[in-house]
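Right, one structure below, let's go through it.
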Ligand code: SAH
Ligand code: SF4
Ligand code: F3S
């Protein structure tokens with residue numbers, strides 16, 4: 001039989017990466033092999049993200065490129081899926097202007113992809129199948145994981161928070177938690193196949209388990225997962241500041257396996273802006289929460305997400321964001337220019353901020369944060385840290401790269417045989433976004 005190849009391009013967040021691993025698992029079961037080369041591929045899948053306009057732009061750019069490839073290779077099957085496909089106007093635009101696309105599905109029906117594919121192969125015309133919401137979480141999909149020693153595990157789907165700027169509740173549907181037994185089973189089987197680190201995924205892990213028939217807290221789930229032999233590190237994201245419990249802080253402090261890192265997006269420092277964003281906490285609430293976490297877990301690393309230029313944000317209000325950054329001293333911050341999303345409440349808000357004002361604020365914010373990042377990293381100078389070795393370093397193939405428990409990226413000279421192991425590294429150099437070192 002002739003080998004068949006597929007290539008998946010994944011945009012957006014870890015949820016999408018995990019979904020792509022499932023799509024890849026399904027395709028491997030159908031006998032397809034993965035490839036990175038466009039020319040070799042019999043099928044290309046674009047798994048899209050809609051969170052900011054530049055994500056959409058990137059996708060449409062790539063779609064143009066695959067149009068050309070399809071002209072050269074008419075048998076190439078082009079599938080598109082992911083968050084953008086959950087938006088009717090986008091699917092309509094593709095149906096109108098991008099007739100060369102073969103197959104469209106959404107975030108709720110990945111599991112029916114094999115059926116859609118055979119439907120397409122039979123009819124040879126565009127197949128569109130997008131579900132508005134997923135009633136049940138589909139368990140047991142084959143997952144073709146990128147690494148053997150670390151894995152993403154989605155513990156819940158969807159989001160009910162409706163932050164006024166955000167598209168995710170519309171593209172991922174209502175919040176649903178997986179049964180803890182199913183998560184434990186998945187993690188046990190990962191551990192048996194040699195996985196050492198898991199990252200639990202949810203738009204807000206703090207609301208995990210509340211609506212299950214037998215409710216369980218997120219901390220309760222963490223404690224169960226800590227009992228799985230072989231798993232050495234447990235990470236999770238994202239934590240919403242509105243409902244981070246004392247029980248969770250206690251669990252991070254007590255459980256050896258739960259990493260000393262928390263991703264705690266604050267989005268904006270000003271309480272009026274936070275209210276209009278529908279974030280349900282104030283500047284003071286956030287500062288008090290960070291203080292409480294640091295008091296109980298002094299060596300915890302905290303990272304965050306920040307949006308600048310939300311509609312109506314004044315210079316003075318932006319200064320509250322700078323103030324929070326200066327007070328909290330984040331280990332790292334993902335910073336974004338506010339991007340208008342169609343269908344969200346913030347789209348209709350007057351006083352959208354000029355692009356150049358947004359850029360200027362972002363640059364000033366980055367200046368402040370970069371200095372803090374370097375300052376926090378400098379405490380590692382000369383220290384020995386434990387690093388899970390991921391592979392060759394991106395900026396120097398002769399070096400290795402891995403992460404500490406606190407999620408610091410370490411580039412170091414070491415033994416290639418230690419990929420997938422947790423090893424000791426002595427830190428010899430400090431940068432704003434990473435550490436340099438030598439394996440001990
Ligand atoms: N559920 C997570 C975030 C998911 S989206 C949480 O609540 O923290 C990841 C990040 O993208 C958000 O934290 C936010 O900072 C950013 N983001 C979301 N919508 C955006 C928009 N319209 N413009 C700019 N940034 C946005
Ligand atoms: Fe978006 Fe807010 Fe949900 Fe995060 S919590 S996904 S920012 S709506
Ligand atoms: Fe993720 Fe983008 Fe969807 S951030 S949830 S892939 S809109």
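Glycine too: its Cβ is placed from the backbone N, Cα and C atoms.
Unlike curated entries, TrEMBL annotations are predicted automatically.
Together with 13, 83, TrEMBL lists one candidate of 49, 159 for binding [4Fe-4S] cluster 1, that being 49. Each of the binding-site residues 49, 83 was scored by the other Cβ atoms within 10 Å of its Cβ; the lowest score goes to 49. The Cβ of residue 163 ([4Fe-4S] cluster 2 binding site) has 22 neighbouring Cβ atoms from other residues within 10 Å, across all protein chains displayed.
A mean pLDDT of 95 is what the model gives for the domain 'TRAM' (378-440).
Only 166, of the binding-site residues 49, 83, 166, place a Cβ under 6 Å from an atom of ligand 1.
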